[in-house]
């Protein structure tokens, strides 16, 4: 694999691993639980991608270098160097970095495996949101992807679609990649600051519409 | 793949996608969350099946037509054309349609992949109940398969076993398929109406049996 | 597959299946839900392992003998022969047996598939803790691996690492295997009895450090 692609993967892994370690700290897990949750957050998206592509063992299991960013993240949180109270904004920045990098690398790796364009886009999205979803599901939390404040999956969808477009046009990803990642990152951060929302999935039931109170939630 | 099999898959996908979009609406997710949850409900069972068979990329990722029923379901729920309060019975009908079709298609696809008869039955069941389980787990709900009111997995087990029997006897599925699907559908709907139950997994603790209150829950 | 390896797999499957059936009983699921949850607990670790290795259909789906320990476990719990109140210690013993056997078999099967040493260790750990994690996640519980009382993943890590060491040194597993399994089992049981803990994932927020109460949990 390209050394540049690997470097981008590792930065994204670190960003998501930090989010997993911070969640483990918030839930009172011990440091071993932190390693497990940070691994799922940091490596889960790539593992889901590789399993869906139909590779043999996922890259993250075969290459020891993937464990380094996970362990660094756990140590930084355990020692208090990364702390949610003070660095809440920093956490969101890291998470957005992971999102913007993984929708790129996920799409590229699916493309290199020879998948159709649609499959590349879907795998790019799955890579970007999969680790965070696994982190939240395993920790028994409602996943962040369903939080209607800010937009989360939309930037990943846009990034994956732009990456496939760039690959189809045979643009150099050395130039197109940073532009796409920056766009995804900016979209996510601006949506958080401005509190952007997309429409709800449906009307929630109101008293006027039906009196079946219990089924309303 | 057979065009008939594909058509049946798409109807089942639509039925489960509706259930995902309705759950997203009930939980206050936005329309992007609705797309994600409807995708998991509608496509999750087939993705689990294809991963377990050991295919390369799952059919649902490669063929764009699978996304159509998901998007239609999300739009119908978002616009209020499908609404849980009024159409609660309709939802259960759709869900039962999905269950009865997916235990059939899951078993057939596993059979065509050359798996053993047991594996075909187990994959048929996994396809039928997997998407709904993924939907509920990701939305942080106790899965419907564990709801002791009505029988849910039993019709799927029966349908998968009958499908393998029909395939072994080289019966034409054009005739046997609808009969099996109708049987599964009827069994599910009648069990709901009659409130059929199967025995519990074990005795729940009562005060007479032990005084260790906290461990009883 | 070696008959001895299969026997060890089946004992481990039984042990974890009992834990799944007991959880189903505690949550008021019916006997079909018990079969599903016991299957996930008993077979889930091996299925995760086989999917990550990139095999075709997992061993547990192809070989009917894997269902026997699951069904026996469900019957023992349903009939009350295994009962959590009286046999709480017994449950923990069974669970520890499963843990100690699965970190061994998972590592060996990954080794026989020709994976790198690191991947073998990671797959041994995943096999050992995966079924229990799937059981708890699907039943909407915070997984046992995150319970900071006693150590759970550490013995599995140690067992997997020792197994890879033994395989590298070409030691006979007929002798090394029981020693490793006993060590893992003893470490788990002693940690429970002594209440061993590893350090927490991070400091939980106190009033002195920040006044953002809601974010503290």
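Easy rule for this one: first residue shown is 1, then count along the chain.
Every residue, even glycine, has its Cβ placed from backbone N, Cα and C.
Since we're looking at a predicted model, the values are computed, not measured.
Of the candidate ranges A:173-190, A:191-208, TrEMBL annotates residues A:173-190 with the feature transmembrane segment. Counting Cβ pairs closer than 8 Å to the transmembrane segment (A:65-83), the top stretch among A:31-53, A:90-109, A:173-190 is A:31-53. Remote same-chain partners of the transmembrane segment (A:31-53), defined as residues 6 or more beyond its termini with a Cβ less than 8 Å from a stretch Cβ, comprise 9, 12-21, 23-25, 59-61, 66-67, 69-71, 73-74, 77-78, 102, 105-106, 109-110, 113, 115, 123, 126-135, 138-139.
Outside the transmembrane segment (A:90-109) by six or more residues, the chain places 5, 8-9, 11-16, 18-19, 22, 45-46, 49-50, 53, 82, 84, 120-121, 123-129, 131-132, 152, 155-157, 159-160, 163-164, 167, 173, 177, 180-182, 184-185, 188-189, 192 with a CB less than 8 A from a CB of the stretch. The average per-residue pLDDT of the prediction over the domain 'Glycine transporter' (A:7-78) is 92, rounded to a whole number.
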